[in-house]
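Peer 1: What TrEMBL records for this protein is below:
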DOMAIN    C:59-271  domain 'ABC transmembrane type-1'
TRANSMEM  C:12-35  transmembrane segment
TRANSMEM  C:55-81  transmembrane segment
TRANSMEM  C:93-113  transmembrane segment
TRANSMEM  C:145-166  transmembrane segment
TRANSMEM  C:201-220  transmembrane segment
TRANSMEM  C:252-275  transmembrane segment
Amino acid sequence: MKISFLYLPALALLAACNSGEQAKTPAQTLAQTWPQVEAAGKGQPVSMLMWMGDPLINKYMSTYVKPELQRRYGIDLQLAASQGAQLVQTLAAEQQANQPSEADLVWINGETFYQLRQVNALLGPFVDKLPNARLLDLENPFINTDFQQPIAGMEAPWGNVQFNFIYDSARVAAPPKSFGELPAFVKAHPGQFTIPNEFTGMTLLKSWMIALSGDPKLFQGKFDEAVYKKWSGELWKTINQSKPYFWKQGKTFPEQLAPLHQLFANGEVAFTFSNNDAEVDNKINQKVFPATARAYVPLPGTIQNSHYLGVVRGAQHPEAALLVINFLLSPEAQLKKMDPDVWGDHTVLNLAALTPAQRQQFQQLPSRRYAPKRENIQGLALMEPDPEYMTRLFKDFRTQVLEK
Amino acid sequence: MRSRLLIFFLVILFALPFGLLGLLAVGEGWRFPDALPPAYSLEPLRGLIAADNGLLAGLGQSLLLAGAVAVLATAGGFVVARAVARSRRPGRWTALSYLPYALPPVLLAVLIQPFIIRMHLSGSVGGVLLGLLLVALPFATLLLSSFWTQRATEYEQLASTLGCTPRQALRWVLLPLAAPLLRTTLVQTFLLGWFDFGLTNVLSVGKVRTLTVQVFTYVGEANGPLAAVASLLLLLPPALLLLANKSALLRKP
Amino acid sequence: MKPLKPLLPLYALLVIGLPLAGLGYALLGSVGVVGPLAEGFTGRYWQALAHDTGLLYAAAFSLWIAVASVGISVVLALALVLRAQPSLRRTPLPGLLYVPLVMPALVMAFYLFQLLSRAGWLSRISFQLGLTGSIEAFPELVQDAAGVGIILAHVLLTFPFLTLLFQAIYQESRLAELSQLTSTLGASAGQFRRRIAAPLLLRRAAPTVLLSFIATLGAYDIPLLLGRPYPQMLSVFIATKLQRFDLRELPAAYLAGFLVAAGLLGLILVLLRLVNRGKVEAG
């Protein structure tokens, strides 16, 4: 019965404040040779911040990647959920406080990459240091450019995906082949269409907006206010005209993707969407979607983008984080990840750089059955526009559609 | 008759959650329009003991966190309430204790997060504990302030007149007197920590994966069975408390 | 026990200091002085407040939810305590009323979603019974425009607690004896309930009822699962603003947080008056 109870938090604070060891500067970390990185990284814990909204992805990380890293390097990979502005905010606050970060490794792309670079929270350039970097398909503009920003070695590509529509072939015989046909279809089938108010939904809106403009080149380069105003205006007009025929008369929209998948599985809506072209296979395998679900890319095409891994500038275990990334880029880990039974995330490796045996494994994945063939949709791939388009669409979708 | 009907209605109302959560936990591929699961599977329950599943770890973390909150807040509240009772202006201190009620836990977490980060407590159990104590300690102080009346002080003085050391007075006089109230406070502050989701989720940066945080993750994945298992685990300790000590569950500030 | 000199200042530092510091930080953030992308003092976000109806709408929606939830709970609890005294004393009932006290809000929300959504259990049962022919035929009970699902969840959590509280006050105040007394004096049971019992219960429970009201205003878990993206309740509104894509929305989010906290502090002052009034009456 002493005041010690009250002082306890204060003591914990004091203890915590004195614990930081003398760490390497970012330049010193990056100056090390790979063997030095390996020596320093082995046996360390790595804290990784990632989107944790998909059970298969979480499973890939915790039942394959985590034990493999433990076995190979004695690395203890700790996964935590964080993404977007929340992630940027946390890292920025840590940096403002001038202290080492709680996170080592982050899974990012687009606007998060842009903002993290703005607040200088990323370590790098580091990609060249990785032995597996020579296998990467860095000539591919869909991989070496993240939302119109050159990755410049500050983040390593991890996977590449293309936005697609998923429908139930048992219920919808002839889905709309293009964005142009979509409004008529929605009107003819009221209550069967909705737009998720999150990342995937925003990719849908971007693809739709580019389709309306008829000229993808307009959206290349820096954000253009005039282009955005004109074509987002058209987009809201198109959507608001169809809105009465949306799910729940367009009075509300799902906030997350998983609930939309559920609506689709229960037959409440005719379409769900995915940023990942192979997701239809992985959801059928999990029995989340009916076996009659199919995926396709509507004309004139949809956005294809990549997602990346970055190292935090204030990371306490940057070397171990580099080892983790290098492992995630290995043909073995990439192949495993590409299997729709596991995750279905397309590889970022240049198949020509692999051995013939490895190449064959990548080309003949038996489990990719209902997803569109990559060769067939590559011609329908649109580049990601500047991240500003997405932040603006997200904001304006709320004011122009949701709240109307 | 009316009374029977009322009881029947309430039984349905309050027993149904357990039934539905139980069905969800063992139902496999259960979708509209099936009224009952087409197949049953113990997979999610078996997952409890699988190494890669965080449910049991979450249970442990939740228990530890809520237990620490309960003990620290109750002990702290006991001492603070005593100091408040003896201060020159107890009313003012009591008023201060109500302030944390003004802030919803999520808002509180958002506001103090910059400082938690600066104290190197972000993403740690310590940070979440501190955040929860900000709510639980004043709560405990308010609950326990009703103990430190004139009478308690008189007993304490009497004990010391009779030759008790302060420690003895505490052990043999004050604690037994306060026991029922202390028990209530312990239970209440435990539940406060046990139930919390918003504050923990913000302050832990997703790292402290208590059961409530996991329920939310599984709901986000639309993983009904695991969300149901986590929910049932979450109901277990309070239900045991309910069986053990019903009256302690009722808070009367 | 020796008096502990630094104890109260330390308590104040922890319990008041930290939240107040946070409030100050939010204020600074709302004028662009602190934060990841701070560019120096600006009144922009405060001025923009006039055009942004989002916060006002969230406040109005939260107010509606809190008034409806607490209102319904109070009415239900009063009805039970005043009209069902015999049942309330019978064995299963008091125990039953404790059950919701062990339910975390998040679990309650998850359960109600599974039960009441259009593809939920009730809808499935009604489909099997032939009452509804399709998913769309089932009424929208959660994630609805009026917040029916959110209100229901709060009522289920609050009314049993208030019933137990009223019942405790009923027994403490010996209202049963008072009821007999008034009836010998010629008052009807209805008059006793309306004129004497209900006002007494409400006055004594006022601080707790107001606390429930404030807690409902700031609710997060339940509206997060059972609400719509628009309109949102306050906590969800602020958390969403803070966690979404655009970092430049941070100052506006801090501003919203600051204003909401200031508003709730005002309510707490009202609460303190109630508590003090109660003390004066009791003492």
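Every residue gets a Cβ built from N, Cα and C, even glycine.
Each of these features: where is it, how hidden is it, and who are its neighbours?
Peer 2: Distant neighbours of the transmembrane segment (C:12-35): 41-46, 250-252, 254-255, 257-258, 261-262; these residues of the same chain sit at least 6 beyond its ends, with a Cβ under 8 Å from one of its Cβ atoms.
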Peer 1: Considering only the recorded stretches C:55-81, C:93-113, C:145-166, state which has the highest number of Cβ pairs under 8 Å to the transmembrane segment (C:252-275).
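Peer 2: The stretch with the most contacts is C:55-81.
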Peer 1: Need a quick answer: max count of Cβ pairs under 8 Å to the transmembrane segment (C:55-81), which of C:93-113, C:145-166, C:201-220 is it?
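Peer 2: Checked against C:93-113, C:145-166, C:201-220; highest Cβ contact count belongs to C:145-166.
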Peer 1: Counting only residues 6 or more past its boundaries, what in the same chain has a CB within less than 8 Å of a CB in the transmembrane segment (C:145-166)?
Peer 2: 61, 64-65, 68-70, 72-74, 76-78, 80-81, 88, 94, 96-101, 103, 105, 108-109, 112-113, 116, 201, 205, 208-209, 212, 216, 219, 222-223, 226-228, 231, 233
